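Inspection log for the structure reproduced underneath, given as structure tokens.
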2 protein chains.
Amino acid sequence: MIEDKTPQRTSLSQLGEFGLISHLTQNFKINQPSTLTGIGDDAAVLDFKDKKVVISTDLLVEGVHFDLAYMPLKHLGYKAVVVNLSDICAMNAKPTQITVSIAVSNRFPLEALEELYDGIALASKIYDVDVIGGDTTSSQKGLIISITAIGEAKEEELVYRNGANETDLLVVTGDIGAAYMGLQVLEREKQVFQVNPNNQPDLDAYTYLIERQLKPEARKDIKELLEALDLKPTSMIDVSDGLSSEIIHLCKNSSKGCNLYEDKLPLDPQLINACEEFNVDSTTIAINGGEDYELLFTIKMDDYDKIKANPNFTVIGHMTPESDGIHLITRANTKIPLKARGWNALKNE
Amino acid sequence: MIEDKTPQRTSLSQLGEFGLISHLTQNFKINQPSTLTGIGDDAAVLDFKDKKVVISTDLLVEGVHFDLAYMPLKHLGYKAVVVNLSDICAMNAKPTQITVSIAVSNRFPLEALEELYDGIALASKIYDVDVIGGDTTSSQKGLIISITAIGEAKEEELVYRNGANETDLLVVTGDIGAAYMGLQVLEREKQVFQVNPNNQPDLDAYTYLIERQLKPEARKDIKELLEALDLKPTSMIDVSDGLSSEIIHLCKNSSKGCNLYEDKLPLDPQLINACEEFNVDSTTIAINGGEDYELLFTIKMDDYDKIKANPNFTVIGHMTPESDGIHLITRANTKIPLKARGWNALKNE
């Protein structure tokens, strides 16, 4: 839970910029047939032939998006990659390459960056994406990670945010809210640690929640699952800022309304227990907590049979005419307008 | 010369993250046929058909890469784009798209970001590239800009760093060293301003140097020029870190040596005058100063006739066997090993 416990500390300035880049990237292998040239020239060269190219980018800032007090650097590197790949998956495309740029203050020794890059390398390996470029520089304060993810898809495979129809079903993969509660658990432990550094936390009851926060996964498997089911979503987005915020995006982009059913929300038992312990409403957490990196999509009603009883998917609502608005239907059958209270990087300053 | 003199100051938190992104990007138009979908979905979608895709990325950090005391935000936005496009030009490819991510501390009002985006929009327009995505978030300190540039080229057009032959000629476009001396002039004026804010600087003698520093251009025109001359370089790189550093990159990647001739270096008269005034050696500035964003390339000896007397190109040396090493041949005809003393972001901490 500590940023850097390694006794060895090599100053970054000993290596210089080019030395650092080649040291950190020396073990990156090229696997994707679309990568013609990776790191080492002015730019990487890719060849997607008849496929479409999908590109997304994210900037992660220490103190805004992550706290190194409880986020180990290897996990951070892994998560930084996953967060970006999730956007590619949300287009129903296959992630193929990433570029990784970092800015670090000189409080980070080389060994800390090696940890970070170990996580990046692990994610690249598991998700089979090539690291094809990047930039390494110093920052005035803290660590900043900028990743651009590139993917490929056939034109007919791509799913946008704007294709939902009025009677489509709203489906989410996996379960939601756990990553946010994992963050609450970690924040509490950080405070306990600050009061009593000798306290040994017992986190057994929260292992799933913490894993969802520290080591989330992008749903790269969903594209293949949908193909196997011969099912193409009409619209899709990933759940990064919070379910309500993402639903509103799909509705606005598709000019549709939506009814979301509280009793359908897929919640892990650990989440329910933790919400009771923290005395917070699990529905609030599930619809406003972010960072689940599950996929949210709409399908035609006729396709319902293809996913029913499939443990990967939960139907949580249905689309409506735009004029009906966007609502949460509670367990008590009351209709509440859904608002985006998702995580907002700029309001959190 | 002041970061923000506008009386209007709109707090970023009033808009929120999504509001800010859509406000800043609302005027970006899509022009490139390869851009199918730009901003507004999880990822942009591009189609390069039979062309190869070229990708490069750069991270610019306030206090490391730029100083807002003399860098107006509009110029900074323009330069941030140009720096990245230069890498695409250095592959002999055509820039087509960029993504722009920024992290800002809350000391920046909305109006400051609008200035920055005005510069980004201007560069996008002049260089005919589409802004297809990005991320906007807060930083703990200062302004951070991360840009990924995307370009396209036919396979046979691409020029890498590793293709130089033993007897090839070494050619540079434009002139070099001016951007670095422009920075020295601006640094001096900043110090004068700090001592006496009422001092009115007379910068007429340095207009070219300052323009090269504050508003550099990427040599997008060179690809077309070379095509018109039916000339394909054997290797190419852009001059961002300094001529000596780039020559060493070309030599190492091509496993060749090089002789660079001091008396051939193309220097602007303003540069020569400023070097005399600042009592610095113009050759040292020309080979170690960075940020010229000219192109450095090698051509076969037989192609010399195609570029001789062309004002865009200067032959500054020739390649040699690797065992001969990399040398500067001075005006006094002495041979000095060339070392990379280029700007190093990590050593400058």
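Including glycine, each Cβ sits where the backbone N, Cα and C put it.
Feature list (source: TrEMBL):
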type: BINDING; residues: B:ASP42, B:SER56, B:ASP87; note: Mg(2+) 4 binding site
type: BINDING; residues: B:ASP42, B:ASP87, B:ASP238; note: Mg(2+) 3 binding site
type: BINDING; residues: B:THR57, B:ASP58, B:ASP135; note: Mg(2+) 1 binding site
type: BINDING; residues: B:ASP58, B:ASP87; note: Mg(2+) 2 binding site
type: BINDING; residues: B:HIS65, B:GLU291, B:TRP343; note: substrate binding site
type: BINDING; residues: B:TYR117, B:GLY134, B:ASP135, B:ARG161, B:SER240; note: ATP binding site
type: BINDING; residues: B:ASP241; note: Mg(2+) 5 binding site
type: DOMAIN; residues: B:40-152; note: domain 'PurM-like N-terminal'
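The secondary structure of B:ASP58 (Mg(2+) 1 binding site), as reduced to three states from DSSP, is extended strand. In sequence order, the binding-site residues near chain A, meaning those of B:ASP42, B:HIS65, B:ASP87, B:TYR117, B:ASP238, B:GLU291 whose CB lies under 8 Å from a CB of that chain, are B:ASP42, B:HIS65, B:ASP87, B:ASP238. Note on proximity: of the binding-site residues B:HIS65, B:ASP87, B:TYR117, B:GLY134, the one nearest B:ASP238 (Mg(2+) 3 binding site) is B:ASP87, by Cα distance. Using a 10 Å Cβ-Cβ cutoff, B:GLY134 (ATP binding site) registers 26 neighbours. For B:ASP238 (Mg(2+) 3 binding site), the Cβ neighbour count at a 10 Å cut-off comes to 26, with all displayed protein chains included. Mean model confidence of the domain 'PurM-like N-terminal' (B:40-152) amounts to 94 (pLDDT, 0 to 100 scale). Between the CA atoms of B:ASP135 (Mg(2+) 1 binding site) and B:ARG161 (ATP binding site) there is a gap of 31 Å, rounded to the nearest whole number.
Looking only at the binding-site residues B:THR57, B:HIS65, B:TYR117, B:GLY134, B:GLU291, the one with its C-alpha closest to B:ASP241 (Mg(2+) 5 binding site) is B:GLU291. Put simply, of the binding-site residues B:SER56, B:ASP87, B:ARG161, the one whose Cα is nearest the Cα of B:GLU291 (substrate binding site) is B:ASP87.
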